[in-house]
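Notes follow once the structure below has been shown.
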Amino acid sequence: RRVNWGYCNSLNVGEALAALINLLCCNPEFQTPSAPELPPDTPRIQLRLAGDKRKHNEGRVEVFYDGEWGTVCDDDFSIHSAQVVCRELGYLEAVSWFPSSKYGKGEGRIWFDNVQCNGKEKTLALCTSNGIGVSDCKHTEDVGVVCSDKRIPGFKFINSMANNSLNIQVEDVRIRAILSSYRKRVPVTEGYVEVKDGGKWKQICDVEWTKHNSRVICGMFGFPGERKYNARVYKMFARRRKPSYWDYSVNCTGNEAHVSSCKLGHAMAAKANSTCGGGTPVVVSCVPGRAFSPTSMTGFRKAFKQEQTLVRLRGGAIVGEGRVEVLKNGEWGTICDDNWSLLSATVVCRELGFGSAKEALSGGRLGQGMGPVHMNEIECSGFEKSITECFFNKESLGCSHEEDAAVRCNVPAMGFQERLRLSGGRNPNEGRVEVLVERNGSQAWGTVCSDGWGTIEAMVVCRQLDLGFASNAFQETWYWPGEVSADPVVMSGVRCSGTEMSLSQCLHHGAHLTCPKGGGRNAAGVSCSETAPDLVLNPQIVEQTTYMEDRPMFMLQCAYEENCLSTTSSETPANSYRRLLRFSSQIHNNGQSDFRPKAERHSWVWHDCHSHYHSMEVFTHYDLLSLNGTKVAEGHKASFCLEDTDCEEGIEKRYECANFGEQGITVGCWDTYRHDIDCQWIDITDIKPGDYIFQVVINPNYEVPESDYSNNFMKCRCRYDGHRIWMYSCHNGKAMVHQPLVERQFYIIHAVLLRCSTTLLDLKDNSTRK
């Protein structure tokens, strides 16, 4: 629109091209967005986000003026003022703002008070206020903002202050592998640290570089620590290829979760001398966590040294996120979110072999835990090896699981998403699973055989594609519209344990495919969801309600019809008794979405004896085991009706079995099966006196997806003397015997033994030849 094409037509090609280049280079509308030009009398300020923040794009608003950092008062502050702040920092827009020192109280002067902006100002200094430095506020009124994750495209931060924060996002920084031995490794753990500036990647001069800087860079890219490297090789490389240095230097303290929290200064050595004042480009060498080691054979030796962890993550959809749980006095408990910050979250992430924290979540965002709340008001320096070393308030009580803290950690880029895709679904979150494999020297897409395909395998697919949790696993996908674009089946016999980061890490048949159904429209499919339920049994209720009852056989006809008694009951006369171990079970939904039965309502089964519909034929297993894990008695594989018996305060019941009502368990509610209802027992008529293990497994066949299956098991110690029974030490934990799990483990062990025996034969052959 701006070019006079008639004028250009009168010129030769060279002159016309020169005119166009001049327009693109010199017209402000075509230049890279950067800090705006301001009127001469505008106070020169610089902004940063500080305080107890959970993400790098939020925090207390701090202003650098007259050589001193200060804050902004919340009086008259609005979303329009937050918009100005965020855009001045290079973010696309403001999401929200918080008064009353939400991110902690600042220090120093309060530079702005009664700030009123219309949202279009180029800097906070142009907004109406009492005047810079004029304020009657206290630091309890410091304002904070939350900016969007997205940056202004092409925004270039201009450093006009001597001491400043670096405001760049992780996409503006990279570790570029230089040595051939590292170029093909995934993830990239060693190479030049490069910053994108003006569309070009530039190196950083290492004259002012410190180990603390390397620690922060490694943390951003998902690595828990840094290590030494061969500097001589990189010096030789730098002599051969002239580097292009960045204009700034980075100064980190080492406990920052993101490089945007470090200080930025002029790199005088790089400006004064193209040779970096005798230095070379910055190189970092990062230590990966065990799960991300470059090779399986040497991974444990080269990986981050991790002791027996006292911390774990639960309820997260992908690797590196979840509710933080701590082991104390032999019992797992949660952390209260009071004072929960990005700094404390980073300690957790590094302890578990990940990088720094991307986000510190509060308010039970990733589900509520069970048991005690072990820690509250945590304060970390950032250099602790474990969150248990941080200071916390041992006397602070009153936290509930609604305040459970969680984290999202930086994890290394493994490239898993590029080797898997969904096709044919009604939306991007569902479809046939297609895998990228090498065939005849080239890469091709193919489908996955659906034989044995289940919820656990679907969970791995959704995790690999960063789509959350699996909501369904499909063994038939012929009804989805569209043509099948993929090649035939390229993967069969897939069996996952549920902890894998990619489908290729699951056991499968390899090159010898076996799939009677074929692929295409009968291939495996999934649908994914951002949230999932999480069922947890209350062990204290079981322990408190257990008792023994001798019940006449003529009163157990309904239970007999539903196979709730042992097989020997068929020989029991009507006037004889069966001895029953009875107990109550209270099953909570601590997840982020309602637990609904897999079967649709039209397929529910009516049971005349109990006069209600059964929506799940297999919901719970009750087992009595010997001390060596052998099953000696079992309860009915409970086909219960699901409903909300009671809920947390403020949550309404949604599901009720009566009158063919909808079945399920609402988030924050629980379903209680009282000890005095049919089939809420184990038939122990034939059991000898002794010590046993009592075990309950919820959702044993993984029919309904959950965010965490590890807490579906409950175990108790049990003593029976022939006349009385005691239940004690009940706790949630892994099952001793669980048939689907045993089958999976046998499959895995069998495959591993085959691989080991093949390897040993190869080694024997090699030694013979030698």
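Cβ coordinates come from backbone N, Cα and C, glycine included.
Within its own chain, Cys137 (disulfide bond) has Cys73, Asp74, Asp75, Ile110, Asp113 as residues 6 or more apart in sequence whose C-beta sits under 8 angstroms from its own. The disulfide bond feature in TrEMBL is assigned to Cys73-Cys137 (among others).
For Cys147 (disulfide bond), the Cβ neighbour count at a 10 Å cut-off comes to 26, with all displayed protein chains included. Under the heading disulfide bond, TrEMBL lists Cys86-Cys147 (among others).
TrEMBL lists Cys117-Cys127 (among others) with the feature disulfide bond. Listed in sequence order, Ser81, Val84, Phe112, Val115, Gln116, Cys117, Glu121 are the same-chain residues six or more apart from Cys127 (disulfide bond) with CB atoms under 8 A from its CB.
Per TrEMBL, disulfide bond is recorded for Cys252-Cys262 (among others).
In sequence order, Ser344, Val347, Ile378, Glu379, Cys380, Ser381, Glu384 are the residues of the chain that are 6 or more apart from Cys390 (disulfide bond) and have a CB within less than 8 Å of its CB. What TrEMBL records for Cys380-Cys390 (among others) is disulfide bond.
What TrEMBL records for Cys496-Cys506 (among others) is disulfide bond.
As annotated by TrEMBL, domain 'SRCR' applies to 47-148 (among others).
What TrEMBL lists as domain 'SRCR' is 175-287 (among others).
The domain 'SRCR' annotation in TrEMBL covers 311-410 (among others).
The domain 'SRCR' annotation in TrEMBL covers 420-529 (among others).
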When counting Cβ pairs under 8 Å to the domain 'SRCR' (420-529), the leader among 47-148, 175-287, 311-410: 311-410
Cβ neighbours of Cys380 (disulfide bond) where a neighbour is any other Cβ within 10 Å: 21
Per-state residue totals over the domain 'SRCR' (175-287) - DSSP helix, strand, coil: 38 helix, 32 strand, 43 coil
Cα-to-Cα gap, Cys252 (disulfide bond) vs Cys506 (disulfide bond), nearest whole Å: 40
Nearest of the disulfide-bonded residues (Cys86, Cys147, Cys262) to Cys496 (disulfide bond), judged by Cα-Cα distance: Cys147
Residue, out of the disulfide-bonded residues Cys86, Cys262, whose Cβ gathers the largest set of other Cβ atoms within 10 Å: Cys86
Confidence summary for the domain 'SRCR' (311-410), mean pLDDT rounded: 89
